[in-house]
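Features as listed in TrEMBL:
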- B:TYR110: active site (ACT_SITE)
- B:ASP72, B:GLU103, B:HIS106: Fe cation 1 binding site (BINDING)
- B:GLU103, B:GLU163, B:GLU197, B:HIS200: Fe cation 2 binding site (BINDING)
Amino acid sequence: MTTPTISRNVRGRAGVEPLETDASLIYFSSASDNTHRFVSKLPVRSARIPLLTSEDTLRAVSPFVLVLPTYGGTSGKGAVPRQVIKFLNVEGNRRLLRGVIGAGNTNFGDTYCLAADIIAAKCNVPVLYRFELMGTSEDVDRVTQGLEEFWT
Amino acid sequence: MTEKVKLLSHVEAINWNRIQDDKDVDVWNRLVNNFWLPEKVPLSNDVQSWNTLTPVEQQLTMRVFTGLTLLDTIQGTVGAVSLIPDAITPHEEAVYTNIAFMESVHAKSYSSIFSTLASTKEIDEAFRWSTENVNLQKKAHIVMDYYQGDDPLKRKVASTLLESFLFYSGFYLPMYWSSRAKLTNTADLIRLIIRDEAVHGYYIGYKFQKGLEKVSEEKRQEIKDYTFELLFELYENEVQYTHDLYDGVGLAEDVKKFLHYNANKALMNLGYEAMFPSSVTDVNPAILSALSPNADENHDFFSGSGSSYVIGKAVNTEDEDWDF
């Protein structure tokens, strides 16, 4: 589970300018790596939003789908990870966002995948899919197929 | 217990200003923010609903809750505490003390439900049943054995399986009642427990994976084999326990799907792939909606049946630092 914070689809120099990526799938995953493991099983190019908010965030240069988890909270407050807020505060990133996929756990009740709902509402894009933890093989198949149709 | 209790041999003052693993802080904060007490839930509003249940349904409900009480008691007084000496960081130790306390809150909250809904005689009978049911006792013995064993990784596996799998033969019932608009306040309380157990299983599973990174490939394989063996052993017992409880009301098969679904999630919390295929994890949608209103997959663009889709529902978006 030694995972680089940035995938190979990212170019640019850290600390100097925002890291550009043309990946069609951009995701955030905490140190638990659940979302990372799910994304790794998809046959699409992806880029990971840096784990630390002190690091420069990514800059998308082509349309993309965002995948992000929600950790169980009591309300909407704080549902969207700070790292993702930093990423979406870049206006160009919001403009290229086409859809959101949420990860989570139904045990969290009302807040299951809430971060995906919040971003979808704010950015006026659809929630494409929801899956739990690192996803099952069926989730991988459905998202693979769904994304293929979504981009055509 | 006659064994000598294992304690940390050395302790230093915990410094929350020097963090080795951010996950410790995140989970501590999450657990503190999620804190609740049973006194906050208006359980007495369920008295009328309780009286609409048949005697068999009432007895089943009491038995399910004594079974859950036993698991929470184990996890609060032995399970979470047994993880403390193996902790890698001092903050991890602190998180386990939080988990242990919360399990004791859970265990106590079932007694709040009992005293609200049932007579002393019925309560005593249900507790007597819990000490006499072979499969419930067996489940307790299996996990207790591993908590007292000497392998930290195996302890975490047993703990995660308890948090993320063993509770669900019991959690099914209040979700079932809730889906039929019965005992809805009780269900609200159980949902709080379910939410807590998800964070506990996630965190212990995460620490398990961190521990796994430090051992040899051979040991990793041994632990993986052990995990699946233990899951099978517990699963077979859960199936028996499920039949003991639910055959009388004809729900056993439905409960088993819920067991498979949660066994998969327990494995994922440990970093392993889901094992049960979707053909046996197709939980009754009413139960899933009782668990989470967002679990209805028809909201999703990819899964939706037709031309239209629902853009994320209106939500409260007041994060101060969200500044666009």
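Note: Cβ is positioned from N, Cα and C throughout, glycine not excepted.
What TrEMBL says about a protein is an automatic prediction, not a curated fact.
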- Query: Tell me which residues of the chain lie with their Cβ under 8 angstroms from that of B:GLU197 (Fe cation 2 binding site), as long as they are six or more apart in sequence?
  - Reply: B:GLU163, B:SER164, B:PHE167
- Task: List those recorded positions among B:GLU103, B:HIS106, B:TYR110, B:GLU163, B:GLU197, B:HIS200 whose Cβ lies under 8 Å from any Cβ of chain A, in sequence order, or write 'none' if there are none.
- Result: B:GLU197
- Message: I need the neighbours of the Fe cation 1 site defined by B:ASP72, B:GLU103, B:HIS106. Which other residues of that chain put their C-beta within 8 angstroms of the C-beta centroid, in sequence order?
- Response: B:LEU71, B:THR73, B:GLN75, B:GLY76, B:MET102, B:SER104, B:VAL105, B:ALA107, B:ILE193
- Message: Please identify, from the binding-site residues B:ASP72, B:GLU103, B:GLU163, the residue with the sparsest Cβ neighbourhood, meaning fewest other Cβ atoms within 10 angstroms.
- Response: B:ASP72
- Query: About how far apart, in whole Å, are the alpha carbons (Cα) of B:HIS200 (Fe cation 2 binding site) and B:TYR110 (active site)?
  - Reply: 19
- How big is the gap, in Å, between the Cα of B:GLU103 (Fe cation 1 binding site) and that of B:TYR110 (active site), rounded to a whole number? 11
- Measuring Cα to Cα, how many angstrom lie between the residue listed as 'active site' and B:ASP72 (Fe cation 1 binding site)? 10
- Counting Cβ atoms within 10 Å of each Cβ, the densest environment among the binding-site residues B:HIS106, B:HIS200 belongs to B:HIS200
